[in-house]
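What follows is a short report on a single structure.
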Amino acid sequence: MLTQLKTYPKLLKHYEEIKEAHMRDWFSKDKERASRYFVQFESLSLDYSKNRLNDTTLKLLFELANDCSLKEKIEAMFKGEKINTTEKRAVLHTALRSLNDTEILLDNMEVLKSVRSVLKRMRAFSDSVRSGKRLGYTNQVITDIVNIGIGGSDLGALMVCTALKRYGHPRLKMHFVSNVDGTQILDVLEKLNPASTLFIVASKTFSTQETLTNALTARKWFVERSGDEKHIAKHFVAVSTNKEAVQQFGIDEHNMFEFWDFVGGRYSLWSAIGLSIMIYLGKKNFNALLKGAYLMDEHFRNAPFESNLPVLMGLIGVWYINFFQSKSHLIAPYDQYLRHFPKFIQQLDMESNGKRISKKGETIPYDTCPVVWGDMGINAQHAFFQLLHQGTHLIPIDFIASLDKKPNAKGHHEILFSNVLAQAQAFMKGKSYEEALGELLFKGLDKDEAKDLAHHRVFFGNRPSNILLLEKISPSNIGALVALYEHKVFVQGVIWDINSFDQWGVELGKELAVPILQELEGHKSNAYFDSSTKHLIELYKNYNQ
């Protein structure tokens, strides 16, 4: 456990020594701070100079990582050891993008051989759709792709297809359906021509309630309009491991793409779950996405901690959560294409590390994952940055931006990028009472009025942030960015001594929904309901009589 590690009391003592120090003073005294706390990897860079840390902090954090045998645990993951202890599974999403030739054997399975076999089938299928060779039941080319999934079967593909829209096939329109609220699927279907639509049903077990409900609605809509169930074979494909259920649905087994239990949903966009990505972007760009992630994997595996991006970000996060008692972390991308990135990271981070039980089954006496949230930064400035600047919470921020200008939008990117730098500087530097008062007096305000108003114009500053810069939004850079956050989450899970690769917290609500659904559908259930739940069930039934 973190609190039992030999470096932990040293970090506590160090925190007490520097907790009142202000970053603007560090910048003033250390002209090399920005260059020393900056790491470049390929086309991605991290400026972590605007954090409440110094060389001693970093030294102690690296010692903490060594206390946890972080290096050895990184190797254990890459080699296929069963580090998902509660489910007795290996964790090998890294194998999905590996360019190594050294085979990984897992329970007599040749992992890389299996992965590459599925990728080969995905490429062939993707090519057939993109080229127009795969036709619908009236011999029309496919124009619309509907991905039906939820959680990891939805968020990653949605995020990547949105982020890389500039690379997408101009004929293809992408649609993503996850919500079991019928509004979403019906809104999508009403825009579509069944003869030119391809549905991808993404569910490992092919029994996920929300996904199957939406898929059956899509199937009914399609059959009613096409006039024959036999046409399903040309318009529905599955990403699943349940061949029997897929065939019962009407999907040809040759149109089922497999993935494995060593790939968790939130880590699965690199697998067959990414079929929609490959169809939209093409195999060349999908390969670049995989390569970017692979290069980050190699960096994570081999770079020293001092220049290792995932290790640095993970340890800095632990510093705020477990010593400054920060409860929240903001993701602020300054790029319209990255608008879905915050909610993708929400699942990745909170479903992985939102745990309170250690690997040994003990209750953890310290905080783990913060609440992760965010929005596009430029919009957020006009929504909730007020709280970040002048509120009472310490909320570390990841600013994410690209250097590449968008074509045909002269002046836009300069405004956007200037705001990234200005916000990070403002959070770090702040504005003192004396500075605020001087500004007001300079503007000609009455002295007494200026003294009162100046209190409201003080920015304490000392608000920490990272700045992640991509040269441009490209497949390889998005691959590297996602892998960076995956590994950051892993680092923190190791420090906290938790299993980052199960998600038992999603189960209880699903279990309790079963008897409630029986009641709502008019059947009697023997389950016990508390008085509140019972009252609300009756309210629903009475309204819908």
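Heads up, residue numbers simply count up from 1 along the chain you see.
Every residue, even glycine, has its Cβ placed from backbone N, Cα and C.
These features come from Swiss-Prot:
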- GLU351: active site, proton donor (ACT_SITE)
- HIS382: active site (ACT_SITE)
- LYS510: active site (ACT_SITE)
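Positions of Swiss-Prot features highlighted on the structure.
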residue : record                    : DSSP (3 states)
GLU351  : active site, proton donor : helix
HIS382  : active site               : coil
LYS510  : active site               : helix
One should report the C-alpha separation between GLU351 (active site, proton donor) and LYS510 (active site), rounded to whole angstrom, as 15
Calculate the distance in Å between the alpha carbons (Cα) of LYS510 (active site) and HIS382 (active site), and round it to a whole number.
-> 37
Cβ-Cβ neighbours of GLU351 (active site, proton donor) (radius 10 Å) | 22
CB contacts under 8 angstroms to HIS382 (active site), restricted to the same chain and 6+ apart in sequence, sorted by sequence, are none
